[in-house]
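Asks: According to Swiss-Prot, the protein carries these features:
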ACT_SITE  Arg171  active site
ACT_SITE  Ser247  active site, proton donor
ACT_SITE  Glu343  active site
DOMAIN    24-195  domain 'FAD-binding PCMH-type'
Amino acid sequence: MSRPDSAVSLLPDYSLRAHNTFGFDARARVAARIGSPGQFASLARDPRVAGLDRLVLGGGSNVVFTRDFDGLVLLDEIRSRALVREDDGAWYVEAGGGENWHAFVEWTLAEGMPGLENLALIPGTVGAAPIQNIGAYGLEMKEHFASLRAVDLATGELVEFDAARCAFGYRDSFFKRDGRGRFAIVAVTFRLPKAWTPRIGYADVARELAARGIDARAARARDVFDAVVAIRRAKLPDPLALGNAGSFFKNPVIDAQAFAALRAREPDIVSYPQPDGRVKLAAGWLIDRCGWKGRALGAAAVHERQALVLVNLGGASGADVLALAHAIRRDVLGRFGVELEMEPVCL
């Protein structure tokens, strides 16, 4: 007889090395592979794991383990993708929380539904995308977000979230604040407008298109996708070859007065004006100016081509990476008066 959909096998003393892109060999007291929302719900009532802290892991691309996790790690393996409806203005596509983000983006293009191409090759899963409100090359996920479904880990209840309830911000959402650790995102629906125009405001994208002989004004979604993939592969290390979590720091946003004072001291500072009058600074530029690009502290290092990326050279611990991050933050604050915020969750 087959096991019921909600039945879950528990994996004691489980290695998380293959479940975090830094490759840290942290261990979970117990883990469970989750293939359906019902399995998340059943564990909320399971006496075998009563009272244990819970951590949902997708691709592990936004986490730094500084120690073993003395609780239950839920490995989200809910994989699905489908066009769930369409109207005259848009397609609505849904993907499971454990679906690989890049593969999902590529699928939408293959199905003739553009819009997410600027977010190509961002590591992680679909379920992690709203938590971080991922963004790159002039596009944030929230711009195409429609809704999501999540399981309340305490009660097992399935809850629907719209954009307002998610409270998206810059690399931020409800799930990083009041909702942190409380929900498992099992499905996300995106609205992809049929009236598509390329997002090519970033100079890197325009340059890559030009290098390929493509007029930016005539670029197709696949052209933008290919350009973004090429840029990211040139700048960012492959986690399978060199452990990392992508961009480790957020680009800081400061008010106009603080920026004017900073630019008076640093005329060539890289910056991006924001609609609200504030100014976003390039964290990588700040780190590079402090002399950190390519430097190492033990087996943890700043990547030689992209100062935003911290890497595990082999044998580094989460504590080593965190020590490097703190040293960088201290130097940037001391030189520029700007505080860098780390993107990954440190446990």
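Just so you know, glycine gets a Cβ as well, placed from its N, Cα and C.
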Asks: Express the distance between the Cα positions of Glu343 (active site) and Arg171 (active site) as a whole number of Å.
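Replies: With the alpha carbons as reference points, the distance is 8 Å.
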Asks: Using all protein chains in view, find how many other C-beta atoms are within 10 Å of the C-beta of Glu343 (active site).
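Replies: 19, counting other Cβ atoms within 10 Å of Glu343 (active site).
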Asks: What average pLDDT does the predicted model assign to the domain 'FAD-binding PCMH-type' (24-195)?
Replies: 95
Asks: Which three-state DSSP class does Arg171 (active site) fall into?
Replies: coil
Asks: If I restrict to non-local contacts, at least six residues apart, and a C-beta distance under 8 angstroms, what lies near the residue listed as 'active site, proton donor' in its own chain?
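Replies: Those within reach of the residue listed as 'active site, proton donor', by Cβ under 8 Å and sequence separation of 6 or more, are Ala283, Leu308, Val309, Glu343.
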Asks: Taking only same-chain residues 6+ apart in sequence, whose CB is under 8 Å from that of Arg171 (active site), what do you get?
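Replies: Spatial neighbours, sequence-distant, of Arg171 (active site): Gln132, Asn133, Ile134, Gly135, Lys250, Glu343.
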